[in-house]
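> First the structure, then my questions, so here it is.
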Amino acid sequence: MALFPVLLLLLSVVQCGSSQDPEEDSSAVPRGCGWGLVRPYTLLCDLDSVWGVAVESAAAGGALAAILLGLIILCRLHHVSEAEKRSGVGPILLLLLGILGLFGLSFAYLIERDEQLCLLRRALWGLLFALCFSCLLVQGVRLRRLGQERRSPGGCALTGLALGLSAVQGIIAAEWLLLTVLREGRAACQYLPLDFSLACSYVLALLLAALGAASFALCGKTRQWRCNAIWLLAACLLSLLLWVAWVGFYLYGNAWLGRSPDWDEPALAIALVAQGWLLLLFHAVPEAHSCLRSPPQPSAPDYFDTSQAPSRMRETSFDEDIPLSHRQFPENQGYGFDENTAGLRSAGNHNGNTAPRPSAPFRSNVYQPTEMTMILNGGAVPSAPPTYTGRQLW
């Protein structure tokens, strides 16, 4: 697209050089085209026809935005590690290619038509729209699978499905051209608006299918992909409204206003540019942001935060997990306590110290949790582990 102005300049120079009467050509140049553009490219710079300059500016800006977004996705692709997000990169890049084609095709309606240009318009109009709406459809299928099964088909499979669905419209357009141009011998620029609209029936069916898939994607179990489904549903709804508007105006509005042949090409050019910007803003940019966004890092629990619910440990007694043969019964513990106490008393009498001493073995047999254990348990004193047999202090 960056070479498009240079190509137009070269074509205009060649045509100016091949013209036999330069004074007549210069007098026919409209206002705003003083730098060399002549017919059939005068609508690109004619200030008397403001719609041509406006459509040209919007299409050039949209094409540049689509190229930049595609480059950003390709440069950041190695940072996307999740399979669920990588599966949506292929349909997004294919959609950006279709959007770039829509903006490029709008320039064909700013040039005076001839047989080759009319063939190009009729062949690419439905094909580019079918490519874009097929990408919306496969994105709806992907979000539906992610919401229900938490897994998505591969990116190559989704891209291949979108290409296969759009190829059907290519076959329809080729059949239409073969029947009307080759078999019936009509001129490529002579066709009824109703025939042009009927040739896009499959495109409208793809749009309705994408709208249904986006609606079903909102009914998923997980909320993680619901925002993507909302953006997809908004893009499908706005695209449907746009199609109803331009088809109604193209079929009935021009005839009702008495501008039937004159406003046909401006209506189609504006529909192309509006559809491209709509898909770019309401689907491509949000979906690219969702795919390139880094996953949230899991935060460690703050045990000193009293606003959080304490993670309680198991408060049941560990004695239930101890086999019967390993349990310490009260009579055995009492016997061991008396034996140790007697030994301590005899040792104290032998040294001549008759003062009573604290029973250290008795304190060592009681489970004494540390401060960190009580914090981890939420403030409650846990029971002793199964392997605890007492601290051997003596």
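The backbone N, Cα and C atoms fix where each Cβ goes, glycine too.
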> Identify the region 'Disordered' range according to TrEMBL, selecting from 301-332, 333-364.
333-364
> Which stretch from 58-77, 123-143, 155-176 shares the most C-beta pairs under 8 Å with the transmembrane segment (196-218)?
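Looking at each of 58-77, 123-143, 155-176 in turn, the most contacts to the transmembrane segment (196-218) are made by 123-143.
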> Among 58-77, 89-111, 155-176, 230-252, 267-285, which stretch has the most Cβ pairs under 8 Å to the transmembrane segment (123-143)?
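Stretch with the highest Cβ contact count: 155-176.
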> Out of 155-176, 230-252, 267-285, which stretch has the largest tally of CB pairs under 8 angstroms to the transmembrane segment (58-77)?
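By the under-8 Å Cβ criterion, the transmembrane segment (58-77) pairs most with 267-285.
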> Is the transmembrane segment (155-176) packed against any residues at least 6 beyond its ends, judged by a Cβ distance under 8 Å, and which are they?
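Tertiary neighbours of the transmembrane segment (155-176) are 86-91, 94, 122-123, 125-127, 129-131, 134-135, 137-139, 141-142, 195, 199, 202-203, 206.
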> Would you mind splitting the domain 'G-protein coupled receptors family 3 profile' (94-146) into helix, strand and coil residue counts from DSSP?
49 helix, 0 strand, 4 coil
> For the transmembrane segment (267-285), find every same-chain residue at least 6 residues outside the stretch whose CB is under 8 Å from a CB in it, and list them.
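Sequence-remote neighbours of the transmembrane segment (267-285) are 51, 55, 58-59, 62, 65-66, 69, 92, 95-96, 98-99, 102-103, 105-106, 109-110, 125, 129, 132, 136, 139, 231-232, 234-235, 238-239, 242, 246, 249-250, 253-254.
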